[in-house]
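Going by Swiss-Prot, these are the annotated features:
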DOMAIN    31-271  domain 'Helicase ATP-binding'
BINDING   44, 45, 46, 47, 48, 49, 50, 51  ATP binding site
MOTIF     97-120  motif 'Beta-hairpin'
DOMAIN    627-662  domain 'UVR'
């Protein structure tokens, strides 16, 4: 039995008090939540301190909160900020634990079957276990997640019911505890003590929970009774203190007992028989043979080991769900009245909508060709309407809310005024004729003042040509293309801020972490070419890149005024007028943001190495050259898998294995 701790309030720690229009935004959001409003939008301009406002709301409504971001990097940044705001509460991080993941796939055109291949990040796996155990043990929990939170996770009831609860004085023999640990997927290893393992020394059992990375527990027995439970350092064995209660959650999120396993296997066998009849009736004998061989092997593994590769494909039977019923996800671990906050909702909600269809298309091919049973289709992410069914109360947070959010609610809380008094930049439109010379003059003005420039183009060729032209003109310039990885991008931004170069050119400068206070000019080329990066939302987001500098200015180069341009200019002017009126009333003089220049530390502690171009004659390489080539190939393999080019990813994987075999 899990004793959930007494309700503990969120305690926000910050040296700042709410300012600008943060106080009215916080009050409005809290009032709406407390009055039972299901959905609302926080329309916060860039740099107005939306994360701080979110933290204030969480601390005042005191509900377990799920914050969803649209990628790992952004989730990592938010996790760090919330940890600083709530040092005494449980702030957790839940993203995909795969460093590399190539899903199982079949390509009929070339009759190519590609097995699932992945590498798991142990640090992130630990953080995921920490998130689920915190949700079951306490109320003061904030989980910052990517859209991985809508993927299947296993039953929270099975997970909670399987937990082993221990107290000093409890009657339980050492062997009973060992059996209980094995049942919840802990592994005995008396030599290599790691997460999810235990070791035994006489009447002492040491257990390393899956949710910890440095601290383990020592359980000391006196006969068939627990004498004492101590928290220890896993590496040195140093005693940190006594514990009066210890709850050990399963070492994996997918757990089941023997009785349940036999029931699941019976259902798998029944489904196999039905599908074999169907294939044989259609004359698909190869598919029938393939399915029988594979499924019977998996059943044997489940009986003997309690596990098989791809066990998640049988999750419908394991969970006791009906066909088509949604899987259990992280959302099921929360209590019913929890709060959801969607960061950058204009991006995140689109991702949530698209996950299901992409997953189904790939799995349907595996089912049609006899690689998987039809029930594998129920190991999937939630549909958007299924996600909506989990929503008790939700806050969409964005500078440019999407159509979906606007359809969900009319309740919009604006946060336009920045605590620094900074204004939205002035925007002007200039003709594209002679834009290069005009732009060069504007850049030189900024260089003289020690300021920086962003230029956004629509095509790779234009970005490259412009980079070459500016270099010839003596401008220190860099082009940031889409192939650059997160940490390399951070290095480029740092160099721009330090003045190593003065101009950054890119196609999509809306990525996270590209807010640079030193940038006073943003130039938008081909502003009149309607599309993703030149629609109203894209333009407003791009304009916002100049909003962290007191002299922020935006120039759109265009031959005509599109509706998107006009709406973006009008909205920016509206916000600027509100900000100017506030500054005048309160005697505030806008000051450029002072922001420390520091390197980003990845949440997973992984360092992305710069890889050299791989040569084709691998055997003539030195060992270190081969290692560099392997890193580059792994990067290419991951990108191929993300683009669903499974054949190329499989070829690269095989090449990596060959290279590793040389050494």
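Cβ coordinates are placed from backbone N, Cα and C, and glycine is handled just like the others.
Each residue in the domain 'UVR' (627-662) gets a DSSP state, and the totals come to 33 helix, 0 strand, 3 coil.
With respect to Cβ neighbours within 10 Å, the binding-site residues 46, 48, 51 differ, and 51 shows the lowest count. Non-local contacts of residue 50 (ATP binding site) by the CB criterion (under 8 A, 6+ apart in sequence, same chain) comprise 42, 44, 343, 397, 415. For residue 47 (ATP binding site), the same-chain residues 6+ apart in sequence whose C-beta sits under 8 angstroms from its C-beta are 418, 420, 422, 515, 544, 547, 548, 593. All protein chains included, residue 44 (ATP binding site) registers 23 other Cβ atoms within 10 Å of its own Cβ. Each of 53, 399, 415, 418 belongs to the same chain as 44, 45, 46, 47, 48, 49, 50, 51, is absent from that list, and has a C-beta within 8 angstroms of the C-beta centroid marking the ATP site. Neighbour density for residue 45 (ATP binding site): within 10 A of its CB lie 25 other CB atoms from the protein chains shown.
Residue 49 (ATP binding site) counts 21 other C-beta atoms within 10 Å of its own C-beta, drawing on all protein chains shown. Confidence for the domain 'UVR' (627-662), expressed as mean pLDDT, is 75.
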